[in-house]
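Heads up, the thing below is written out as structure tokens.
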Amino acid sequence: MSNPAVASEHYINRELSWISFNERVLAQALDTRTPLLEQAKFSAIFSNNLDEFFMVRVASLKAQVEAGITKTSADGLTPLQQLLTIRDHLVPLIEQQQDHYRKHLKNQLVEHGVHLLDYEQLNPKERLWIDNYFQTAIFPVLTPLAVDQAHPFPFVSNLSLNIATLILDPETGQQQFARVKIPQKTIPRFVEIPPDLSGINPKPVHTAVPLEQVVAFNLKLLFPGMKIEEHYFFRVTRDADLELRDLEADDLMSAMEQGLHKRRMGGEVVRLEVTNEMPQRVVEMLIEGMAVEEKDLYRIEGLLGLDDLFGLMRLPLEQLKDQPHIGLTAKVLSRSQRRMLEDESIKEEEFKSIFSVIRRKDILLHHPYELFATSVEEFINQAADDPLVMGIKITLYRTSKDSPIIAALIRAAEHGKQVMALVELKARFDEGNNIQWARHLERSGVHVVYGVLGLKTHTKTILVVRKEKERLRSYVHIGTGNYNSKTSRLYTDLGLLSARPELSQDLVELFNYLTGFSKQQSFRRLLVAPVTLRKGMESLILREIEHAREGRGGHIRAKMNALVDPAIISLLYEASQVGVRIELIIRGMCCLYPGRKGFSENISVISIIGRFLEHSRIFWFANDNNPEVYIGSADLMPRNLDRRVEAITPIEEPEQKEHLERLLNLYLNDNREAWDMQSDGSFLQRQPNPNSEEHRAQQQLINLWQQGIPAA
């Protein structure tokens, strides 16, 4: 079905919707109920998110402006209007973040023995120690760069922290400008000072001073014979988006490496951050030297680059962090549960196999509450070592360093199995890591492919082929999250282990589509982008519309990271207007307006921001009291529906459908970490009534799993 584009007055600008999401992240940092070091972490996430937003989204808009493009977005704004509006929204948020760091976070940390000091606050013993540290550990790696007729303005790399200094030559009386880059990639941003030197009783747990201040107050050693008159800090963000035309690249890996080199060098400057005290005349030197526009200048009252607050999470102050969470092995995969499932006739070696459990029943996994290591990684590990397994195929979008899954794939190849890995080289900001893994896998005998021309492969799928009683049986994993051991502990994701023949055959054909010249146009059970997912999702919504029109009611529940696609939004509006009840749980961007009388009054939207990043996608359709439920890798965005390879699988087991419905209920009833989207597009955080019980979905899920209650 083809839907008309949604009217601009009914569509929220995606960039502003993203800023609203990041504002909710910042709110976690500002919330005094958040443990103190977790506040620092959320502040760091806010900054890191903002860096990527400028490197990709703002860079794209600036490129459009420079190209003279005036075409409006779905909400009716030109690229230039979007840039100006983005700035207006960001400035107060950045001020809130800095205000929180200066006035709250630093002071509260002192109460727990953590002193984040300015250089000028150090006592004489501490200054002596830090100055000696500068000479031995910092000074040798610094390179001061002067700017004059013989020395053009130096290149300033992306996300680098720098000192702009004005120095005076006493002999000539001439003032010169110089730039010093802070070596923050090789030296910690906060330089720790031995607590014994503080003279404070009781002794601090941790005393540190910002690295850039250590350098700034020792500049005289970099410019002997010169007088340091002024110094100021600045930070640069450059265009870091890689857009490669696959058809023009004979060797995609080579093209990616060239693109990564360009990224390291950096594209056009898209943001210049300076400390608030920098005078305009110095700002103008930077603007001229780096060809920056005035509207890209951000004055910051405080430390630049607060993403480095991530480092505070390493402090041994567990009482200032969320309680540690270690997931459990999925009950059906635990050894005691397996023993109950097995027939007495089954041999001991078969009892040990995860495949025997999957054959009996689909397994629905929920991370991080259920361990990734004892489910997905165990699935791959057993496949690698099982002599009956003939082949393994997997899609890799983002994976972790020292990945157990990579190790298992290599081991499988060494055992003589047919192993194929699709490594998506275009996974943004993981391109370099994926290139290294691709080469490592190839050297180990794994067949490595890079996907379909013109598409990014985002699906999370594994296919294992096993020889059983003179026949081949396939086992599959289809998930919502990456095969990444680290993020599996931090993100909420779902996965399905199954041996259903129709799913297995669909995955065989999907991998053929990814690795060969297959032009598969239909699948039995999977919804696959860009082939069947858009049409399938539209059909499911249209069916609810038809039920509502015929008086049978209609109900849609969906959980995702983002809802941006205008055609899907238009259909949801239509569904609301005929009485379909629509409940959406959307962590990030949402471009529809809910709750508008006579238009979208049957649509509600909440966003959950908690200790775990909500990453799972669930699509639930009432279907006249015969629910259909899907999970998978896709959000409802044009890129996911049309420009990526995605896979969404139906959930077939009735108790697993019920489990996902209970899960959605938990999220919808959250009154602590849920934000209600208002009819004007803004969000309000829910607050539990003083006399009511607090419901935090993520904490409730931790508690339920610890009690052994969930059964899927």
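Glycine too: its Cβ is placed from the backbone N, Cα and C atoms.
Sequence annotations record features per position, and here Swiss-Prot assigns ATP binding site to ASN49, TYR491, ARG587, HIS615 based on sequence analysis. Residues or ranges marked as Mg(2+) binding site in Swiss-Prot (evidence: sequence analysis): ARG398, ARG428. According to Swiss-Prot, the active site, phosphohistidine intermediate annotation covers HIS458.
Everything Swiss-Prot records as a feature, shown here on the structure.
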| residue | record | CB count, 10 Å |
| --- | --- | --- |
| ASN49 | ATP binding site | 18 |
| ARG398 | Mg(2+) binding site | 19 |
| HIS458 | active site, phosphohistidine intermediate | 25 |
| TYR491 | ATP binding site | 19 |
| ARG587 | ATP binding site | 24 |
| HIS615 | ATP binding site | 21 |
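In space, ARG398 is the closest of the binding-site residues ASN49, ARG398, TYR491 to the residue listed as 'active site, phosphohistidine intermediate', judged by Cα positions.
In this structure, TYR491 (ATP binding site) is part of a beta strand by DSSP. Rounded to the nearest whole angstrom, the C-alpha distance between HIS615 (ATP binding site) and ARG398 (Mg(2+) binding site) is 14. For the binding site of ATP, formed by ASN49, TYR491, ARG587, HIS615 according to the record, the largest Cα to Cα distance is 16 Å, rounded to a whole number.
In this structure the C-alpha atoms belonging to ARG398 (Mg(2+) binding site) and ARG587 (ATP binding site) are separated by 20 Å. Secondary structure at HIS615 (ATP binding site), taken from DSSP and collapsed to helix, strand or coil, is coil. In sequence order, ASN561, GLY588, LEU613, GLU614 are the residues of the same chain, not among ASN49, TYR491, ARG587, HIS615, whose CB sits within 8 A of the CB centroid for the ATP site.
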